[in-house]
Amino acid sequence: MRKALCLTESLSAIAENSTTLLNLNRRLTGLTRSGENRNALKLFADVHRCTTLRPDQYSVSLAITTARHLRDTIFGGQVHCYAIRSGLLCHSHVSNTLLSLYERLGNLASLKKKFDEIDEPDVYSWTTLLSASFKLGDIEYAFEVFDKMPERDDVAIWNAMITGCKESGYHETSVELFREMHKLGVRHDKFGFATILSMCDYGSLDFGKQVHSLVIKAGFFIASSVVNALITMYFNCQVVVDACLVFEETDVAVRDQVTFNVVIDGLAGFKRDESLLVFRKMLEASLRPTDLTFVSVMGSCSCAAMGHQVHGLAIKTGYEKYTLVSNATMTMYSSFEDFGAAHKVFESLEEKDLVTWNTMISSYNQAKLGKSAMSVYKRMHIIGVKPDEFTFGSLLATSLDLDVLEMVQACIIKFGLSSKIEISNALISAYSKNGQIEKADLLFERSLRKNLISWNAIISGFYHNGFPFEGLERFSCLLESEVRILPDAYTLSTLLSICVSTSSLMLGSQTHAYVLRHGQFKETLIGNALINMYSQCGTIQNSLEVFNQMSEKDVVSWNSLISAYSRHGEGENAVNTYKTMQDEGKVIPDAATFSAVLSACSHAGLVEEGLEIFNSMVEFHGVIRNVDHFSCLVDLLGRAGHLDEAESLVKISEKTIGSRVDVWWALFSACAAHGDLKLGKMVAKLLMEKEKDDPSVYVQLSNIYAGAGMWKEAEETRRAINMIGAMKQRGCSWMRL
């Protein structure tokens with residue numbers, strides 16, 4: 001738009017061209033629409049002082065609108081006075097614009113007074129008064145006005161009441177008004193339908209479906225805003241199928257950008273891959289994606305290749321520099337563990353907001369790169385970006401050295417965030433992970449507010465730092481605290497881990513009883529912890545009972561039972577459990593599954609079963625073999641006396657995972673068990689090169705020599721331990737006599 005002419009030029013143009021009021025009003029309209037409200041006010045003021053041209057009702061209405069945009073109380077009052085003096089208040093649009101002005105200024109008293117001065121208020125006057133009353137907090141007055149209205153047959157009046165109640169938090173009243181409106185035969189419009197649908201959530205699905213029927217009956221299924229509201233309603237009610245059905249039934253011509261955005265965002269929120277298919281449909285419909293489209297799509301990308309394509313399209317359409325999209329791009333790459341790409345996006349941004357910095361710190365936290373996260377925070381501090389609780393929460397979640405952790409805590413105090421419960425909890429966890437359980441406990445005790453996360457942090461902190469009884473004591477304090485806080489699945493799983501570390505079957509059984517009493521057995525995490533607890537405490541039958549009683553089983557559930565059988569030497573049961581898992585087909589085995597079942601085969605001597613399972617890993621399940629898998633199979637072959645095959649497998653493992661000490665140790669142990677001197681010497685030489693200061697290699701080799709009757713070599717090997725400076729750890733007993 002052209003810049004407004006200066007005051008002198010405007011007046012001369014008016015004089016030279018015999019400008020009429022129509023031209024003046026056009027000029028005022030142009031300035032107002034282009035956002036040049038100050039220039040519009042200057043033009044009106046100078047025209048008002050000009051004797052050759054007098055503003056009419058339209059000029060005054062435009063001036064009032066301009067004052068409303070600027071929230072200019074003084075000028076608005078002056079125009080109001082001019083309208084009174086010039087007799088222009090009799091025009092409805094002047095009076096209505098004044099009502100809008102006082103609503104914007106928050107002056108309900110002046111608005112009421114002005115409304116009372118209107119002889120015959122129209123629908124706009126009534127709706128402005130009602131909307132202002134709700135907006136400015138006088139809800140009782142709004143209902144008083146509504147009840148006294150002579151006629152209430154206009155849909156705009158009802159929409160104002162329904163919207164006002166909704167925005168004031170009176171959702172039930174909005175629904176009642178909607179129903180009353182329907183009973184009275186007032187025809188709903190698309191605005192009313194969209195408003196009432198936006199209030200439907202999971203608890204009001206039936207009402208939402210009733211409104212859906214009314215929409216179809218009233219013929220508003222062709223209105224984009226109503227269709228969008230319907231789709232949103234079904235997503236809010238967690239009925240994804242119906243949301244998608246509404247989208248599919250909507251005419252292609254009705255679907256707009258918002259429609260696709262609503263569906264994509266809804267599906268992404270439920271982690272549904274169909275969001276990408278809808279995105280493709282949007283592109284095929286020649287609709288340009290918005291920044292919100294890219295944010296939703298990137299949030300649902302689970303494939304790195306697809307993520308790169310979406311990022312490329314964002315660049316092509318010019319959205320890559322939008323902060324919202326850039327932040328989503330960084331988060332997406334972090335989810336793929338492509339932290340280099342996330343860093344590249346971060347560095348390419350000329351403007352970074354707080355969310356951008358927090359996202360980068362969070363990415364480094366996810367990558368366990370504490371120093372890099374701290375480096376980003378220092379840059380942020382240097383340029384003067386003020387951190388928030390999310391910044392420090394991400395920083396504290398990284399692996400920080402103690403001195404850095406203390407520095408971060410000092411910054412938290414400096415920015416006045418230490419009182420926030422999220423920060424307090426993060427500090428407790430950070431100090432616990434750093435082995436500073438006393439500092440963590442001190443922070444916990446000094447915390448004025450404690451929630452369940454606080455208790456979980458200190459209980460697990462004591463457990464992981466080797467103080468299970470102190471953790472148990474804190475759990476007792478949680479149950480006895482004045483503020484009633486019920487333990488969750490994480491709390492109880494930690495408590496069951498404490499039972500394992502203290503070998504307390506009685507406490508574990510009591511915890512199991514607590515779980516049943518409080519109806520928390522449905523939590524898969526607790527079921528898994530119970531299976532592990534019972535097996536570790538020696539009662540595998542109880543582990544099996546818990547497993548069979550679980551309504552939902554994940555891969556950890558199956559792994560826990562397989563490990564339990566392996567721990568108790570019941571290899572055949574472990575293999576049978578693995579086969580049952582395969583037959584059911586509900587859960588896909590992971591790397592831990594194969595580690596557990598191969599270990600069970602090893603201890604039970606099930607060579608054929610172990611080889612069959614090992615060979616199926618990559619081909620049938622796509623699980624990459626790791627050091628645990630090779631170690632277990634080498635141990636299995638070694639225990640069975642197949643040392644040649646075990647040696648061959650070790651060499652194969654070197655090509656796959658490199659030379660790993662654990663795998664060689666499995667072969668070395670087999671050599672010792674079967675007295676294979678030749679192979680044992682070869683493996684011992686290799687291990688001595690890799691672990692020069694480990695005395696156990698020498699001890700094992702000495703035992704092999706002794707088993708072969710080579711006492712001299714055995715003694716020389718023992719003496720070699722002292723020569724290299726290694727020392728065998730002394731045996732001891734933890735039992736007191």
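A Cβ is built for glycine as well, from the same backbone N, Cα and C atoms used for every other residue.
Features reported for this protein in Swiss-Prot:
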REGION    663-737  region 'Type E motif'
REPEAT    20-55  repeat 'PPR 1'
REPEAT    154-188  repeat 'PPR 5'
REPEAT    223-253  repeat 'PPR 7'
REPEAT    256-289  repeat 'PPR 8'
REPEAT    290-321  repeat 'PPR 9'
REPEAT    322-352  repeat 'PPR 10'
REPEAT    353-387  repeat 'PPR 11'
REPEAT    388-418  repeat 'PPR 12'
REPEAT    420-454  repeat 'PPR 13'
REPEAT    488-522  repeat 'PPR 15'
REPEAT    523-553  repeat 'PPR 16'
REPEAT    626-656  repeat 'PPR 19'
Tertiary contacts of the repeat 'PPR 11' (353-387), as residues 6+ beyond its ends and Cβ separation under 8 Å: 323, 326-327, 330-331, 333-334, 337, 339, 342-343, 346, 394-395, 397-401, 404, 411, 415
Contacting positions for the repeat 'PPR 7' (223-253) when only residues 6+ beyond its ends and CB under 8 Å are counted: 190-191, 193-194, 197-198, 200-202, 204-205, 208, 211-212, 215, 259, 262-263, 266-267, 269-270, 272, 274, 278, 285
For the repeat 'PPR 8' (256-289), distant same-chain residues with Cβ under 8 A (at least six beyond the ends): 224-225, 227-228, 231-232, 235, 238, 240, 243-244, 247, 250, 296-297, 299-302, 306, 310, 313, 317, 319
Positions whose Cβ lies under 8 angstroms from the repeat 'PPR 9' (290-321), at least six residues beyond its ends: 257, 260-261, 264-265, 267-268, 271-273, 275-276, 279, 282, 328-329, 331-333, 335-336, 338, 349-350
Secondary structure content, the region 'Type E motif' (663-737) (per DSSP, counts of residues): 52 helix, 0 strand, 23 coil
